[in-house]
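Okay, so here's the structure we're looking at.
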């Protein structure tokens, strides 16, 4: 999966660059500012018609094209893609084989026409979709398929993030609001590092952002606390905008779904004219701020934050294909820059390294809107090579996470593993381990003498509902279990001469009345008998009842 994830990441990156070059640079005369570590396959080509009026039209017409293709061929590829992966893991939703291909094309196209989206969410769906296809092809078990899904998502994320450790941790953390998929961590780490090595061997090893060496200054901690609070509050605002547009605007508009992506691209189209900073992903502007935090006036920074929120929300919630993680990262960096500038005006002697607020702002805002406080810190540290910011980043990130509470961009996130169908078997076992056999065993059952012939038993068993009966001796002690169907299928010439004690199953696990249903189910599965006798805990020859798989399944409402 590491190799496949790297190739998928390269394909997505190349196509996004290709479409950006064709539609924005070649036709529209609009240059996208990139961060130094972002791959730029067409950066050396200097050619453009320089018609500024084209980008807004490109955005809207591109939205029309995307809407038609997406909702005609593969509706699953609309939106971020990350939420679809989370849903596939928790709800066992199927991922069709066509999804990775069309997600790659549609997401690259949305980026290329100026949509305020990123590659990270699509990368997760592309990698996860390829993994799902392989798991179906090789007929893997359900649990192995789930782990492979996460491994594929982590591999492709690692490539576009250039953050192997962060991508692995993000994959196991983003599934839940307050939990981790710990079992998947090692395979995700392995695939992430393989993907990272292969991807960077092609595009280069530099981190996405170039940042100076930061130092931990204790006097700045109170300001980071305030930054964490503000990121948490603004994270709630961003998620609210997102959910409102999705549930109360685009979902209620009386128009075909095919036209909604074009409608969503109207806002980015206006941005080309009124505020061009907000189009596309926006990593380049974060690098400009890291280099010189004073590059934008305070008012422009404030407007940038608001416009970027709406541009991203309109693009994604309308059904265009593209990620919301990268724009969220940019919004967090802008918040950090704005807060640093304000603090520096009032406390110039205490704010010694203002650009550190950009890095911590990115991690804190991502923590707030994706509910990944640990992964967000690691990802930002790896994307900027700023490992000395871990202490203040942890503080601000967790404050933002706590402040924003349950607010998240991803509807399919669940609180913890007990709410996930993926862990249904574990939950079942936990439930069964707390229920005693005596509570559901059948006390009214048929016992048959071992001296009966099979022919005699056949006449009696016509009135039985049980699938198996205990066979007893003259002392009313169990000597075996007779399977009703086995008796019925015995050759006719043997039925009159064969006694039940000869046909009975004598090797079966003992199930005592003090055991729980988890142990009972295990013994039923091991014995390959659908019904077992329940015996006294002191006298294992005394039958007290019968229990079947069906009895246990009724408890679980399966």
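Numbering starts at 1 and runs along the chain as it is shown here.
Glycine residues also receive a Cβ, built from the backbone N, Cα and C atoms like all the rest.
TrEMBL: automatically predicted annotations, no manual curation.
A quick note: this is a predicted structure, and the numbers were derived from the prediction, not measured.
For 7-33 (among others), the entry in TrEMBL reads transmembrane segment.
What TrEMBL records for 53-71 (among others) is transmembrane segment. Long-range Cβ contacts of the transmembrane segment (53-71) within its own chain (Cβ-Cβ under 8 Å, at least 6 residues beyond either end) map to 23-24, 27-30, 77-78, 102, 106, 109-110, 112-115, 256-266, 268-270, 272-273, 279, 318-321.
Annotation source TrEMBL lists transmembrane segment at 147-172 (among others). Under 8 Å from some Cβ of the transmembrane segment (147-172) lie the Cβ atoms of residues 1-2, 4-6, 8-10, 12-13, 37, 85, 88-89, 119-120, 123-132, 134-135, 140, 180-185, 187-196, 198-200, 207-208, 372, 374-376, 378-383, all in the same chain and six or more residues away from its ends.
Summarising the annotation, TrEMBL assigns transmembrane segment to 184-209 (among others).
According to TrEMBL, the transmembrane segment annotation covers 221-242 (among others).
Among the features that TrEMBL reports, transmembrane segment is placed at 262-286 (among others).
Taken from TrEMBL, the feature transmembrane segment applies to 293-313 (among others).
What TrEMBL records for 325-343 (among others) is transmembrane segment.
Same-chain neighbours of the transmembrane segment (355-379): 161, 163, 165-167, 169-170, 173-174, 176-178, 211-212, 214, 220, 223-224, 227-228, 231-232, 234-236, 238-239, 286, 289-290, 293, 325, 328-337, 339-340, 343, 386, 389-390, 392-394, 396-401, 403-404, 407-410, 413, counting only residues six or more beyond its ends whose CB sits under 8 Å from a CB of the stretch. According to TrEMBL, the transmembrane segment annotation covers 355-379 (among others).
The transmembrane segment feature in TrEMBL is assigned to 385-403 (among others). Panel annotation: around the transmembrane segment (385-403), residues 207, 211, 213-216, 220-221, 224-225, 227-229, 231-233, 235-236, 356, 359-361, 363-365, 367-368, 371, 373, 376-377 of the same chain, lying at least six beyond its termini, place a Cβ under 8 Å from a Cβ of the stretch.
Annotation comment: TrEMBL describes 504-558 as domain 'CBS'.
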Selected stretch (most C-beta pairs under 8 A with the transmembrane segment (293-313)) from 221-242, 262-286, 325-343: 325-343
Mean of pLDDT values spanning the domain 'CBS' (504-558): 83
Close approaches to the transmembrane segment (325-343) from elsewhere in its chain (Cβ under 8 angstroms; 6 or more beyond its ends): 80, 82, 116-121, 223, 226-227, 230-231, 234, 238, 281-283, 285-286, 289, 293-294, 296, 298, 301-302, 304-305, 308-309, 311-312, 350-351, 354-366, 369-370, 380, 409
